[in-house]
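According to TrEMBL, the protein carries these features:
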- 66: active site, proton acceptor (ACT_SITE)
- 164: substrate binding site (BINDING)
- 246, 249, 254: Ca(2+) 2 binding site (BINDING)
- 35-116: disulfide bond (DISULFID)
- 68-73: disulfide bond (DISULFID)
- 122-322: disulfide bond (DISULFID)
- 201-233: disulfide bond (DISULFID)
- 25-326: domain 'Plant heme peroxidase family profile' (DOMAIN)
- 1-24: signal peptide (SIGNAL)
- 62: site 'Transition state stabilizer' (SITE)
């Protein structure tokens with residue numbers, strides 16, 4: 001048993017070293033010589049796409065999160081499946097990723113390639129685009145570290161157990177985030193992604209009609225809100241019907257998300273538990289009234305997320321197009 005513990009510790013240390021070596025090579029001015037206008041190019045492409053459809057924002061933000069949580073921020077979530085390989089994007093947990101997120105990155109990549117051929121990774125473009133959609137929806141800007149390389153593999157199997165589910169409790173959520181070096185504050189901060197965008201009725205049906213309670217409704221749900229959801233998502237409704245994540249300000253990235261939790265208006269169990277669990281409630285209460293504290297925590301959490309499992313230097317490559325190995 002003792003030798004196993006030593007071996008396990010050694011493996012952990014190697015993984016930790018790889019994590020920090022990679023992230024240490026990221027820097028905000030990475031393309032200052034090879035593609036000095038990259039941030040401007042991406043920003044313009046994202047703004048154009050956003051003008052065409054608001055879905056650009058939540059789709060891109062979610063794409064970044066789903067990419068980084070599985071094998072690190074290497075744009076592997078964008079790879080198309082082939083006859084010989086089922087890729088990440090086709091795992092059941094990723095099938096609901098909106099196409100506008102992929103399209104946003106592909107268009108930004110094409111714009112960058114016109115001026116800086118084979119210089120900027122899809123992983124970095126996704127990181128920049130994510131910051132830009134947050135700003136476009138009212139969130140605070142933050143510096144994006146760059147220098148990531150694109151991953152050389154993408155498998156559906158690698159997604160298993162690495163993405164949070166809407167039914168999970170705080171212990172389960174914390175366990176998933178800890179695997180990639182993120183703590184509970186990061187979890188609560190990154191959950192604010194649910195301040196914008198939509199979900200589907202199939203994710204809330206149990207809370208509305210099949211809960212283990214006399215009313216069959218999750219008692220942590222605000223009663224008025226529960227009735228509104230029942231009207232939007234009645235029994236036997238098409239599970240693909242979309243509903244807003246935030247019933248108050250669905251198109252604005254703001255601290256209303258935390259105010260909603262205080263009122264029992266978290267759409268998912270995994271949202272509402274951040275308030276009902278006494279371990280995370282103090283942070284929710286603070287950020288519901290203090291936007292500055294939230295903004296600082298969110299910037300830190302996004303920076304930490306953007307460092308997860310990055311490939312730098314000679315590792316990985318720079319794809320010519322983001323959805324295929326090339």
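These residue numbers are counts, starting from 1, taken along the chain as shown.
Placement of Cβ uses the backbone N, Cα and C atoms for every residue, glycine included.
Fewest Cβ neighbours within 10 Å among the binding-site residues 246, 254: that distinction goes to 254. Spatially, by CA atoms, the recorded positions 164, 233, 249 include one closest to residue 322 (disulfide bond), and that is 164. Comparing residue 201 (disulfide bond) with residue 246 (Ca(2+) 2 binding site), their Cα atoms are 14 Å apart once rounded. In sequence order, the binding-site residues near residue 62 (site 'Transition state stabilizer') (Cα within 10 Å of its Cα) amount to none of 164, 246, 249, 254. In sequence order, 64, 67, 123, 126, 127, 148, 305, 306, 307, 308, 309, 310 make up the list of same-chain residues 6 or more apart from residue 73 (disulfide bond) whose Cβ falls under 8 Å from its Cβ.
Most buried of the disulfide-bonded residues 68, 322, judged by other Cβ atoms within 10 Å, is 68. Neighbours of the Ca(2+) 2 site: apart from 246, 249, 254, residues of the same chain with C-beta atoms within 8 angstroms of the site's C-beta centroid are 195, 196, 248, 250, 251, 252, 253, 255, 256, 257, 260. Rounded to a whole number, the distance between the Cα atoms of residue 66 (active site, proton acceptor) and residue 254 (Ca(2+) 2 binding site) is 21 Å.
Looking only at the recorded positions 35, 116, 164, 233, 246, the one with its C-alpha closest to the residue listed as 'active site, proton acceptor' is 164.
The disulfide-bonded residues listed here are 35, 116, 122, 201, 233; among them, 122 has the most other Cβ atoms within 10 Å of its own Cβ.
In the structure as shown, the Cβ atom of residue 164 (substrate binding site) sits within 10 Å of 20 other Cβ atoms.
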